[in-house]
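Visitor: In case it's useful when we look at the structure, here is the feature table from Swiss-Prot:
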SIGNAL    1-21  signal peptide
BINDING   E65, Y67, E230, Y293, E300  substrate binding site
ACT_SITE  E230  active site, proton donor
DISULFID  C313-C435  disulfide bond
ACT_SITE  E330  active site, nucleophile
DISULFID  C338-C364  disulfide bond
Amino acid sequence: MQLSFILTSSVFILLLEFVKASVISNPFKPNGNLKFKRGGGHNVAWDYDNNVIRGVNLGGWFVLEPYMTPSLFEPFQNGNDQSGVPVDEYHWTQTLGKEAASRILQKHWSTWITEQDFKQISNLGLNFVRIPIGYWAFQLLDNDPYVQGQVQYLEKALGWARKNNIRVWIDLHGAPGSQNGFDNSGLRDSYNFQNGDNTQVTLNVLNTIFKKYGGNEYSDVVIGIELLNEPLGPVLNMDKLKQFFLDGYNSLRQTGSVTPVIIHDAFQVFGYWNNFLTVAEGQWNVVVDHHHYQVFSGGELSRNINDHISVACNWGWDAKKESHWNVAGEWSAALTDCAKWLNGVNRGARYEGAYDNAPYIGSCQPMLDISQWSDEHKTDTRRYIEAQLDAFEYTGGWVFWSWKTENAPEWSFQTLTYNGLFPQPVTDRQFPNQCGFH
């Protein structure tokens with residue numbers, strides 16, 4: 001009897017210790033996702049359950065995009081002839097050569113985003129930035145034309161973020177061979193990320209990022225590392241992509257880091273990733289990044305404003321059902337695809353019927369200058385922004401694309417805010433509860 005009691009007590013104590021240890025290292029959300037991993041002196045500096053991300057992307061800084069900074073690409077244009085204009089950063093650096101490209105980019109990196117931008121971002125009520133960067137900032141392939149030097153500015157940015165109480169995702173925006181063929185991957189119309197050594201090189205680059213920015217030195221600032229921006233699921237091998245995500249996750253955790261791992265949804269439907277990288281499989285602190293745009297097909301562009309808002313609201317309902325934490329890591333105010341070179345150099349706009357066999361909807365001319373927008377378009381834009389904010393804040397929050405552009409107002413947080421179209425404060429609503437969440 002006594003021996004039985006001692007054994008029972010011992011089992012109970014062991015069970016209690018196991019439960020305590022599990023709770024300390026694996027505090028679960030009700031849906032089975034992990035909130036934090038505590039212990040070992042580590043705390044994640046962001047509570048994805050209870051805090052709402054309100055942020056901007058620092059686009060066009062370390063990865064050039066022709067529509068964001070056309071002034072860097074227009075010198076190659078000959079009148080209306082765009083045939084000599086590089087279509088992406090790869091061809092831009094290749095055309096200029098390393099010396100000239102480096103000189104121009106050093107000036108660009110030191111001026112496009114400065115400490116003053118971080119102060120403004122904070123003063124406007126934002127708490128977060130997502131920083132896109134290409135693999136070439138960390139490792140060059142043989143014969144790559146890219147130039148390096150981005151990392152010193154990335155590290156300045158992390159310091160400016162810390163000083164202004166802003167949290168950061170470091171987002172690997174371009175992989176060798178390109179993961180999507182978009183110009184914002186560095187290399188347009190290429191889909192070779194999964195060929196040759198490209199996936200392994202990407203993992204090597206991620207390992208460098210993990211060791212530099214995934215540890216204690218930046219744990220108060222970096223609240224996520226995004227393994228890869230917008231891998232184009234429909235043209236990639238999804239089994240290989242999942243293995244890449246798993247390898248990236250394991251690589252980060254093997255460094256001892258508790259930093260959340262961010263995976264983009266690869267343009268799959270809501271819920272696709274629910275059973276991948278789960279606590280049940282021993283993976284934790286995983287966030288799914290969804291991007292929300294409604295301008296990259298003729299069908300989307302032809303929607304009226306009520307339809308645009310309905311789609312945005314449904315995003316919120318669908319995202320809420322997912323088992324992982326999720327964030328709208330990119331979105332914009334765009335109701336047209338009119339920004340010059342948005343669809344790529346030497347490509348027109350669907351809105352004008354000048355690209356992708358899309359039907360003509362209207363002229364792009366007034367859309368390029370916010371002072372020429374009609375009152376109706378301004379109202380529609382404000383309504384659309386507010387609906388998206390409501391939808392995204394129904395879950396983990398939002399990261400607007402982008403903080404600034406040279407002359408693409410639908411894509412510039414600064415321009416929209418200073419013209420009264422983006423709410424200020426960001427919680428202000430002229431059109432409250434459009435989605436009926438409350």
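Glycine residues also receive a Cβ, built from the backbone N, Cα and C atoms like all the rest.
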Visitor: What recorded positions among C313, E330, C364, C435 are found with a C-alpha within 10 angstroms of that of Y293 (substrate binding site)?
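Guide: Correct set: E330.
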Visitor: Using other CB atoms within 10 angstroms as the count, which residue among the recorded positions E65, E230, E300, E330 scores least?
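Guide: Output over recorded positions E65, E230, E300, E330: least Cβ neighbours within 10 Å is E300.
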Visitor: List nothing but the largest Cα to Cα distance in Å, as a whole number, among the residues E65, Y67, E230, Y293, E300 that the record says bind substrate.
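Guide: Greatest Cα-Cα span of the listed binding residues: 23 Å.
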Visitor: Taking only the recorded positions E65, E230, C313, C435, which one has a CA atom nearest to the CA atom of C338 (disulfide bond)?
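Guide: So, of the listed recorded positions, the one sitting closest to C338 (disulfide bond) is E65.
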Visitor: Just jot down the residues in the same chain as C364 (disulfide bond), at least 6 apart in sequence, with C-beta under 8 A of its C-beta; none if empty.
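Guide: For C364 (disulfide bond), the qualifying residues are T336, C338, A349, Y351, E352.
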Visitor: Between Y67, Y293, which of the binding-site residues has the fewest other CB atoms within 10 angstroms in the structure shown?
Guide: Y293
Visitor: What's the number of neighbouring CB atoms sitting within 10 A of the CB on C435 (disulfide bond)?
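Guide: Step by step: centre on the Cβ of C435 (disulfide bond), count other Cβ atoms within 10 Å, giving 20.
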Visitor: State the Cα to Cα distance, in Å, between C435 (disulfide bond) and Y67 (substrate binding site), rounded to an integer.
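Guide: C435 (disulfide bond) to Y67 (substrate binding site), Cα-Cα distance: 32 Å.
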Visitor: Of the binding-site residues listed here (E65, Y67, E300), which is spatially closest to C313 (disulfide bond) when Cα positions are compared?
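Guide: Result: the closest of the binding-site residues to C313 (disulfide bond) is E300.
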